[in-house]
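Here's the structure, in structure tokens; my notes come after.
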Amino acid sequence: MANSPVMNVEVLRYNPEIDQEPHLSTYQVPYDNQTSLLDALGYIKDKLEPSLSYRWSCRMAICGSCGMMVNNKPKLACKTFLRDYSGHMRIEPLANFPIERDLVVDLSHFIESLEAIKPYIIGNEAPALDGKPHPSKELQVSRTKQTPAQLEKYRQFSMCINCGLCYAACPQFGLNPEFLGPAAITMAHRYNLDNRDHGKAKRMSLLNGKNGVWSCTFVGYCSEVCPKHVDPASAINQGKVESAKDYVISMLKPKG
């Protein structure tokens with residue numbers, strides 16, 4: 001890139017094997033109108049600092065791997081372009097997560113929260129028909145049939161790519177690392193809205209808990225930073241409505 005403009009890219013570095021604490025290093029990266037932050041990190045790794053660690057995969061904002069803080073805002077590196085910044089960028093790992101190395105964070109709690117809410121369709125147990133262990137083809141079709149209107153109820157919430165940007169944006173997750181978090185609650189709500197699913201009661205026990213929907217104070221920044229416009233804040237608020245219904249029903253129809 002002869003005669004190209006140069007961006008000063010300040011990157012947080014941390015190797016737990018040799019560093020007592022994270023520190024910042026600055027690299028000069030030539031760029032053009034099409035250079036993404038992910039391209040810039042690749043340039044740094046290939047030509048300036050081979051030990052730089054960061055996550056990436058698809059380059060198309062589909063995999064959700066390259067989330068990081070750009071000038072204190074959660075962004076995907078592949079969707080962030082150097083042309084939109086004037087001379088300086090500060091790149092740090094996603095906020096609210098433990099740092100493993102450089103820009104790589106430990107997503108264990110995030111993954112565990114997603115697993116806990118059972119992010120898959122839970123169907124009814126299939127009864128035996130005519131002595132056969134599996135339901136008929138007609139019954140199978142009836143259990144999986146879905147109209148466009150039924151799909152539209154949850155379609156927006158199904159677009160999540162598990163990038164973790166909403167967790168980095170969430171002040172409540174920063175204060176309470178046990179909070180299920182925006183993405184997990186959104187995913188739970190997505191399946192609760194699916195007419196083919198019968199696992200709502202199992203998920204609501206988590207959403208109704210102390211680390212569920214009521215931990216959210218509705219700042220709304222999670223929806224602002226979402227690269228797929230999933231609107232997790234809306235999903236959480238809808239989850240609060242369902243939780244309130246559960247509470248009222250439990251008061252009117254106590255168990256026992």
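Note that the numbers count up from 1, one per residue, in the order the chain is shown.
Glycine too: its Cβ is placed from the backbone N, Cα and C atoms.
What Swiss-Prot records for 7-97 is domain '2Fe-2S ferredoxin-type', and it gives sequence analysis as the kind of evidence.
Annotation for LYS240 (menaquinone binding site): spatial neighbours VAL213, TRP214, CYS216, criterion Cβ-Cβ under 8 Å with sequence separation of six or more. Annotated menaquinone binding site per Swiss-Prot: TYR14, ASN237, GLN238, GLY239, LYS240, in sequence order, evidence recorded as similarity to another entry.
What Swiss-Prot lists as [2Fe-2S] cluster binding site is CYS58, CYS63, CYS66, CYS78. Cβ contacts within 10 Å of CYS78 ([2Fe-2S] cluster binding site), excluding its own Cβ and spanning all protein chains shown: 23.
The annotation domain '4Fe-4S ferredoxin-type' is assigned in Swiss-Prot to 151-180 on the grounds of sequence analysis. This prediction places the mean pLDDT of the domain '4Fe-4S ferredoxin-type' (151-180) at 98.
Around the Cβ of CYS226 ([4Fe-4S] cluster binding site), a 10 Å sphere holds 23 further Cβ atoms from the protein chains shown. Under the heading [4Fe-4S] cluster binding site, Swiss-Prot lists CYS160, CYS163, CYS166, CYS226, citing similarity to another entry as support.
Residues or ranges marked as [3Fe-4S] cluster binding site by Swiss-Prot on the basis of similarity to another entry: CYS170, CYS216, CYS222. Annotation note: CYS170 ([3Fe-4S] cluster binding site) sits in a coil segment as assigned by DSSP. Neighbours of CYS170 ([3Fe-4S] cluster binding site), defined as other CB atoms within 10 A of its CB across all chains, total 27.
Packing against the domain '4Fe-4S ferredoxin-type' (151-180) from elsewhere in the chain are residues 61-67, 69, 74-76, 94-97, 105, 107, 109-110, 113-114, 116-117, 186-191, 193-195, 206-207, 211-212, 215-217, 219, 221-232, 235: each is 6 or more residues past its ends and has a CB under 8 Å from a CB in it. Note: the Cα of ASN237 (menaquinone binding site) and the Cα of CYS222 ([3Fe-4S] cluster binding site) are spaced 13 Å from each other. Shown for the domain '2Fe-2S ferredoxin-type' (7-97): DSSP residue counts in helix, strand and coil, namely 18 helix, 30 strand, 43 coil. For the pair CYS66 ([2Fe-2S] cluster binding site) and CYS163 ([4Fe-4S] cluster binding site), the Cα-Cα distance reads 7 Å. In this structure, LYS240 (menaquinone binding site) is part of a helix by DSSP.
CYS226 ([4Fe-4S] cluster binding site) sits 11 Å from CYS170 ([3Fe-4S] cluster binding site), taking the Cα positions as reference.
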